[in-house]
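Below is one structure, written out as structure tokens; the observations come after it.
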Amino acid sequence: MGLVGVQENGKGEMALSLGNKSKYKRMDSVLSDEFDDDASNHYNELERKKSIRKYVLACAIFASLNNVLLGYDVGVMSGAIIFIQEDLKISEVQEEVLVGILSIISLLGSLAGGRTSDIIGRKWTIAFAAVIFQIGAAIMTFAPSFQILMIGRVLAGVGIGFGVMIAPVYIAEISPTVDRGSLTSFPEIFINLGILLGYVSNYAFSGLSVHINWRVMLAVGILPSVFIGFALFIIPESPRWLVMQNRVEDARSVLLKTNENENDVDERLSEIVAAAGMSNGEKNEEKAVWRELLSPSPPLRRMLITGFGIQCFQQITGIDATVYYSPEIFKEAGIENNSKLLAATVAVGVTKTAFILIATFLVDRVGRKPLLYVSTIGMTVCLLTLSLTLGFLGHGQLGVALAVLCVCGNVAFFSVGMGPICWILTSEIFPLRLRAQASALGAVGNRVCSGLVAMSFLSLSRTITVGGTFFLFALLSALSVLFAYKCVPETKGKSLEQIELLFENHNEWQGSEVEMGDSEHLVQKA
């Protein structure tokens, strides 16, 4: 019986042991399930972040397509003008007007773009710009005379003005804070890509007959704008614009698609609503936008000095003269063969495009101001060296090599800093209610300076020589170094709403690097 009892006890113990074992298994199973759930959630979160990054990247790319048109026009006209002059028998003055008029006329598009984007939205302004450019490019392609060519050029300029102004604003308004700098530099990347394509087009079609080759070169520029039609099915409207239209829930939906951290969406939405003057659910109807721009408060005046100033400095340092007239510069250095001239301009385009990619990688890591210093100082050195080379070395091999090196160096330093950061700053420093139209004002300054440089370069170089003209550009570039030091604050890592606070304090605006003053209000958001 004892044996039986033992057996019974054994069975009981066994049953207890089995029961305990079964219990342990259930606990292990629960822990395993929890671990699997955590791993699954972590995986889903990573996948969501990747998906959002791809989506925002696609939005930035499609919004920047209009900038390919500007770049292509700048690049292709540098070579096409040689054949237009030969085919249509235009004078040197007509050549300057044809080249420079695009920049002057594009200011009309930029000026109208701010108000238009406030009315119909950022997204549809991008589409409107593409349609106008297509019409202009088509007219230029089939132009039988200089007069008709000018009509097409004017329309293309208006379209480009709209596109150049709206792309950085749109991208800045949809981008997460941590990636805003690199994404907002996309328009400048696409300008450089367009310039390179223009140079390649010159080289590829230069072998056709004089009556046909320049028309084909200009016609190819229509293709990028076709893809913008597809973009309308992908890109959302700007959440900031939606808030301005009192469509807060729609804005929240867009922010959920473009922000990796869902917990930040409501906080970001609250900041946007407050910045738009709609925290009470109504638009803040104070002064009309243009009245406020013409009679600015001290903080707004500082914003306008920074935004308008850097737009003007980007152009008065002569970048468009370097790009538009690179064949003329190389001819002055001693290159005479047309194919070699166009091949040298392709090298300029490749350099310009390669270095803008470097800027995209660095702008959110290094910051805006350090890149601006490197850019403006490097440009000054290259422009001064080019001036001395053209003025004193003559047409020898050394002179040609130095001229090509200096032109490539100038566009490289431009692309690393001044080129993209100009557009990044003007799209992020202004308050939401003024952003579109204030950015448009900056773009007008950019286009006016570009047009003046492009339309006066040949005449100026005949008066004070090409070397003397580049010496003047070098002096202006040196001034841009001082401007960057005195008037450009560091905006890396701050939301658009936080950046406004930088301009409230005069000391933080003037030459500030990292000191933000009020740490409670200026918490960096990753």
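All positions are counted from 1 along the displayed chain.
Quick reminder: no glycine exception, Cβ is built from N, Cα and C everywhere.
Whatever TrEMBL says is automated annotation, not expert-curated.
As given in TrEMBL:
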- 59-492: domain 'Major facilitator superfamily (MFS) profile' (DOMAIN)
- 55-85: transmembrane segment (TRANSMEM)
- 97-114: transmembrane segment (TRANSMEM)
- 126-144: transmembrane segment (TRANSMEM)
- 150-171: transmembrane segment (TRANSMEM)
- 183-200: transmembrane segment (TRANSMEM)
- 212-235: transmembrane segment (TRANSMEM)
- 341-363: transmembrane segment (TRANSMEM)
- 370-394: transmembrane segment (TRANSMEM)
- 400-426: transmembrane segment (TRANSMEM)
- 464-485: transmembrane segment (TRANSMEM)
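Taking pairs at least six residues apart, the transmembrane segment (97-114) and the transmembrane segment (150-171) share three or more Cβ pairs below 8 Å and count as touching. Listed stretches 55-85, 126-144, 150-171, 341-363, 400-426 were compared with the transmembrane segment (370-394); the greatest number of C-beta pairs under 8 angstroms is found for 400-426. If you look at the transmembrane segment (55-85), the same-chain residues 6 or more away from its ends with a CB under 8 A from one of its CBs are 95, 98-99, 102, 106, 126, 129-130, 133, 137, 149, 156, 159-160, 162-164, 166-167, 170-171, 174-176, 179, 183-184, 186-199, 201-203, 206, 210, 213-214, 217-218, 220-221, 224-225, 227-228, 230-231, 234-236, 257-258, 320, 323-327, 338, 342, 345, 349. Long-range neighbours of the transmembrane segment (150-171) within the same chain, counting only residues 6 or more positions beyond its ends whose Cβ lies under 8 Å from a Cβ of the stretch, are 59-60, 63-64, 66-67, 69-70, 73, 97-98, 101-114, 116-117, 122-123, 125-126, 128-141, 143, 180, 183-184, 186-187, 238, 423-424, 426-427, 435-436, 439-440, 443, 446-447. Where the transmembrane segment (212-235) meets the stretches 126-144, 183-200, 341-363, 400-426, the count of C-beta pairs under 8 angstroms peaks at 126-144.
When Cβ-Cβ distances below 8 Å are used as the criterion, the transmembrane segment (341-363) is approached by residues 75, 78-79, 181-182, 185-186, 188-189, 192-193, 195-196, 198-200, 202-203, 206, 322-323, 326-327, 330-331, 335, 371, 404, 407-408, 411-417, 419-421, 424, 492 of the same chain, each at least six residues removed from its ends.
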